[in-house]
């Protein structure tokens with residue numbers, strides 16, 4: 001099995017190294033950002049050149065985003081030998097619920113799926129110090145199942161693993177979690193104001209049975225969530241069909 005690994009914590013991150021070890025015996029390639037890129041979402045570098053450095057055999061660093069890394073991995077490094085699966089992680093912390101909208105880990109996997117390769121994002125929902133081995137082994141086992149039973153279209157799976165041994169798993173829906181929506185104002189030594197956003201330590205997870213949040217944080221099971229690349233909201237799409245925009249014709253003839 002040929003595997004492309006990436007992440008958003010950087011090419012030297014412990015979670016990435018654990019993931020590579022979990023795929024021991026497979027043909028493993030790594031293309032990852034050269035530095036920390038957490039919460040970079042699906043940003044891609046279109047207005048500056050990128051540099052690619054081979055830091056070890058089949059192990060590359062890109063001075064860009066997680067999306068850049070997977071794009072380079074699939075369209076340059078492995079252009080003539082496509083991988084069977086892309087795996088992103090192991091992230092240093094959870095990517096539950098609406099975290100997936102901000103996560104560079106998830107975005108790296110999503111780029112793989114967009115480019116036609118089955119992909120998995122895996123995160124360890126635990127505070128430091130981290131032991132990534134169990135999460136990495138679970139992701140490797142899941143990847144083998146994806147390759148053995150390939151879906152008709154590229155699949156994107158978001159995996160969150162609780163700390164400790166994985167006693168089981170659930171296929172779960174995305175939950176909802178919110179953070180402290182505060183802006184902290186400070187002043188630098190030159191008297192100029194600067195700001196921190198997002199808040200710290202004020203995460204609220206809605207109690208939704210069967211959600212990834214409940215599965216991982218309350219039941220201590222691994223959560224596997226299939227994510228959909230089509231962002232159209234179908235119920236609202238049907239509702240909009242009954243709307244009119246004053247002064248404009250709907251669906252005019254050519």
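Yeah, the Cβs are placed from backbone N, Cα and C, and that goes for glycine too.
Swiss-Prot lists 8, 9, 38 as binding divalent metal cation, and of 91, 98 the one it places in that same site is 91. Taking every protein chain shown into account, 8, 9 are the binding-site residues, and of these the Cβ with the most other Cβ atoms within 10 Å belongs to 8. Surrounding the centroid of the Cβ atoms of 8, 9, 38, 91, where the record places divalent metal cation, the chain contributes additional residues within 8 Å, namely 7, 10, 13, 15, 36, 37, 66, 89, 92, 93, 103, 104, 105. All chains included, 31 other C-beta atoms sit within 10 angstroms of the C-beta of residue 91 (divalent metal cation binding site).
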